[in-house]
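Here the structure is laid out as structure tokens; the discussion comes afterwards.
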């Protein structure tokens, strides 16, 4: 029970006792303690102060059914009572204790009560159960702070339990834990393999204020089971165990030393390897990316074994009756590790003539020896003459047979200027009659009527092959004296020499390229020994061509895809049937992952596994807008298992990068040492990259019903993508209404919106229920759907309506757009717009030998000889690469045997359409190579 008031008699008695006690204090003490409350006029009459709490009741928690005790102390205090939830506690429930303070002499009163679980549970309302002390003295009352009494508990389930994870070595790991609800709030500690984590001892661990565990830098020793433990005065709870695995990604060891050249003589390969052991993958870490070995072309000087010269004449007979003869080991001298001559350097034998004084023979014996020696000499001389005559006869017979066999195939061209300039042009032309014979004048025009001198096969100089063009300061195109070029003609060559369609090369002999059937037989024999993939035969998405050491170009018409095989890329004497194939995306695992987008067709060039002596150049179109620097561009290749692997990230090349990419505005030229399947992908740094698209509208060629469909295709801005849509619509009976329009599509997560407007409602109506259609952003950006389109279905009220005018608007939400103003006829004789009509003449797929290149071989050779050697002034191949804008990563060219040759090959690939040699001439002139200045011009139709 609680009391509502305090008895008056008890209060009066307490007041009198306090006054008597105060009168016993010394005046000095009383003055110090009560100077702030008594007036200055009564310093000798002290008064009792307000009660001061020495101990106030604390918050308490009831565990199970055990009551809690609340205690308070105060002085000076005549009475102390508890007040709980605004009501006085019954006097009988108080336990009071009194004592006198030894220092102050004041009475210290202590009061104690108990609060049970039942009292707390009987309280209704939102406020917790509370109690406070009220103390009295003669000066008045003082209240203590409130203490709250709550029933303690701890729920069983955690609000959030830690989850196991895998973390890379030395990376940060976060384990989250939200303990169960409880009163008082639970304290949290973490266990690692059942041992408490002390973050003060191991500073690699951090326990945050919200009870999360952070591993700052994961160590292998941190691989363990982690448990979050929550506890308070009631109970202790454990979370489920979270397993943390610290994994190690594999790292490459250092490269080994280059192995010796595998060929003791001539061209070969050097190899070096590395292992994925620095560190080795651990606990599920990834294997190393990149090549495990590298190859490097080498050229070892062939060893020359020594050979003896002829014996010298015998020396005069000495007094010891001995004469000598000698020989030298210099025919040839041993070089490059060749063997020394074996045998004797000096030879001696006994003699009896000369100064020899022993065993004099009679004159008759001497004469007989002389006659015998004379007979031997005559015999040997006769044999030598007979052998010489036989050799002459055999040579004469061989020459006669050779001339008879080659009478229909040989033509000698003695004009060196015509031979040289003929290398510049794929057809014959009339030479300019100017005095300066070492320049090619820009006024030279192709002679389309002349047939003499047209190149139809291999070109051979009849001079010694060892007579190479030296590095000189003389003009590059000096007249070549008495140069003869042997040209093999063939009666089966067509009107375009050196140019063949890919279908003619599948199993058929490439006429006009190889002079005899023996070479083709050799080619078939060589190819039969190669372990190559089967060539594709689907002419709709592949082209093929047969190439030898003279190289050539394989072009996929109307797709922007081509393969340039430089001269010397294929080993001498071998011929390969090579192919290009555009893979259908619906049948191929896509190379893009995450936020990456496909930027080019997926191209397979083969056969794979070819041993190439020089890099080939694969040209593929792309649809990235490279005017912005927000792209991360990658070239990927597909392994035999079908997985895509990164070959190179542009601008992150290293010496181990196996290829080089020359990026142009609409295409990429890739120098490859290995043939295979390749694709170009990209993603943006900050979601501002732009992808070029094409919008094409198709309508049915013939419409006999009231419904009329307009299809709006959204494809990548590459020729092959539009070509695929054109072929698809042709099979469906559709035609292209007007020229496709470009659209810049930004990586902004906004969809592509299409709408139709200005329909003549008196004749037509739209069956589209909404105001517009949308293509989701990811469908467009990913590039996975090649024939992405929307269809607008219109209905005419009568078959008499044969014309339709309307507008179609295509735009990216909050981005760019295009508007098509359409006017189409539904009559039968409609003409489809053909975007490739201007390129119809470029349907040639294969160019062989010199016809594939703009720079003649002799001029190319002289440029390489002049620029390959490093120059202290810097005007060597490095400056040429800079002038031609091919200097993004010069270390790639530096690893090649002829850096200039690779740069010129890349220039050929970049200028396959224009063939403007003036750019090369200007670059050489700016380099200060005045002796190489060329006046180059190409006239004629593209």
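Just so it is clear, glycine is given a Cβ too, placed from its N, Cα and C backbone atoms.
Positions annotated as domain 'Ig-like' by Swiss-Prot: 51-148.
Summarising the annotation, Swiss-Prot assigns disulfide bond to 72-133 (among others). Within 10 Å of the C-beta atom of residue 72 (disulfide bond) sit 27 other C-beta atoms, taking all shown protein chains into account.
What Swiss-Prot records for 84-131 (among others) is disulfide bond, and it gives similarity to another entry as the kind of evidence.
Mapped onto three states, the DSSP output places residue 177 (disulfide bond) in coil. Contacts of residue 177 (disulfide bond) defined by a Cβ separation under 8 A and a same-chain sequence distance of 6+ are given as 158, 160, 161, 162, 188, 190, 211, 212, 213, 228, 230, 239, in order along the sequence. The disulfide bond annotation in Swiss-Prot covers 177-228 (among others).
The domain 'TSP type-1 1' annotation in Swiss-Prot covers 249-303.
Secondary structure at residue 298 (disulfide bond), taken from DSSP and collapsed to helix, strand or coil, is strand. The number of other Cβ atoms within 10 Å of the Cβ belonging to residue 298 (disulfide bond), over all protein chains shown, comes to 18. Residues or ranges marked as disulfide bond in Swiss-Prot: 261-298 (among others).
Of all Cβ atoms in the shown protein chains, 13 besides its own fall within 10 Å of the Cβ of residue 265 (disulfide bond). The disulfide bond annotation in Swiss-Prot covers 265-302 (among others).
In three-state terms derived from DSSP, residue 276 (disulfide bond) belongs to neither a helical nor a strand segment and is classed as coil. When Cβ atoms from all protein chains are considered, those within 10 Å of residue 276 (disulfide bond) total 18, not counting its own. Feature annotation from Swiss-Prot assigns disulfide bond to 276-288 (among others); the stated evidence is sequence analysis.
Annotated domain 'TSP type-1 2' per Swiss-Prot: 305-357, in sequence order.
Among the features that Swiss-Prot reports, disulfide bond is placed at 317-351 (among others), with the record citing similarity to another entry. In three-state terms derived from DSSP, residue 317 (disulfide bond) belongs to neither a helical nor a strand segment and is classed as coil.
Positions annotated as disulfide bond by Swiss-Prot: 321-356 (among others).
All chains included, 17 other C-beta atoms sit within 10 angstroms of the C-beta of residue 329 (disulfide bond). Marked as disulfide bond by Swiss-Prot on the basis of similarity to another entry: 329-341 (among others).
Annotated transmembrane segment per Swiss-Prot: 381-401, in sequence order, evidence recorded as sequence analysis.
Over the topological domain 'Cytoplasmic' (402-942) the predicted model carries a mean pLDDT of 75. Residues annotated as topological domain 'Cytoplasmic' in Swiss-Prot, with a curator's inference given as evidence: 402-942.
Annotation source Swiss-Prot lists domain 'ZU5' at 541-684, citing sequence analysis.
Swiss-Prot lists 863-940 with the feature domain 'Death'.
Counting Cβ pairs under 8 Å to the domain 'Death' (863-940), the stretch among 51-148, 249-303, 305-357, 541-684 with the most such contacts is 541-684.
Per DSSP, the domain 'Ig-like' (51-148) is made up of 8 helix, 53 strand, 37 coil. Cβ-based neighbour count (10 Å, all protein chains) for residue 261 (disulfide bond) stands at 18. Within the set of disulfide-bonded residues (131, 317), the lowest number of other Cβ atoms found within 10 Å of a Cβ is recorded at 317. Neighbours of residue 321 (disulfide bond) among the disulfide-bonded residues 131, 261, 302, 341, defined as a Cα within 10 Å of its Cα, are absent: none qualifies. For residue 288 (disulfide bond), the nearest of the disulfide-bonded residues by C-alpha distance turns out to be 261; the candidates were 72, 131, 261, 265, 351. The disulfide-bonded residues listed here (84, 261, 302, 329, 341, 351) include 84 as those with a Cα within 10 A of the Cα of residue 133 (disulfide bond).
The disulfide-bonded residues recorded for this entry are 276, 298, 356, and the Cα of 276 lies nearest to that of residue 84 (disulfide bond).
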